[in-house]
Amino acid sequence: MAYKSFEEYNMKVTDDVKTRYKNIIEDLGEDTTRDGLIKTPERAAKAMQFLTQGYDQDPVEILTAAMFKESYNEMVIVKDIELYSLCEHHILPFFGKVHIAYIPNGYIVGLSKLPRIVDVFARRLQVQERLTEQILDCINDTLKPQGVAVVIEASHMCMMMRGVQKQNSITTTSGFRGQFEKIETRNEFLKLIGK
Ligand SMILES: [Zn+2]
């Protein structure tokens, strides 16, 4: 087989988190010895490591590895990037879409790198506002474009399943730097992403 996909987990972290999950499940009133739950603490420990792997990844390194000198200086837009993250207040998922645009200033970046840096920041405990800023600042500081824009639209399980139980509300956050601080450039971008 030429291609092998595998996931690696730190054994010590897995063991520690597993023990704690076992306690939590028992504290919630469940029986961790019944069939369906025997391996749940370990699976949950691994799932949480997967969902927070962004702490060990460097988004600047990802961008700089795929920067190319190019004279193109029109708006580049990658829209509808899938987003899955965890809200840091409840450790519940929030998910939606990210739209990114930038205007190059001598350099472009491999298009697949933008979704990758979204993942790096999303796979941490987050709030949508900070996630928006981190993506924005990372592109701005690394690529040094003429401008960058980020819009995130997301649904938060902590709102949908608990609390106010508003099941259809979508939270929108946005940030703009450089040329996108000009109203006409910003409007062109918003129009192109259908806003
Ligand atoms: Zn929350």
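Quick reminder: no glycine exception, Cβ is built from N, Cα and C everywhere.
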Of the candidates C138, C158, the one that TrEMBL places in the Zn(2+) site of C87, H90: C158
List of residues, in chain order, with Cβ under 8 A from that of H90 (Zn(2+) binding site) and at least 6 apart: M157, C158, R162
Neighbouring C-beta atoms (10 Å sphere around the C-beta of C158 (Zn(2+) binding site)): 16
All-chain count of other Cβ atoms within 10 Å of C87 (Zn(2+) binding site): 18
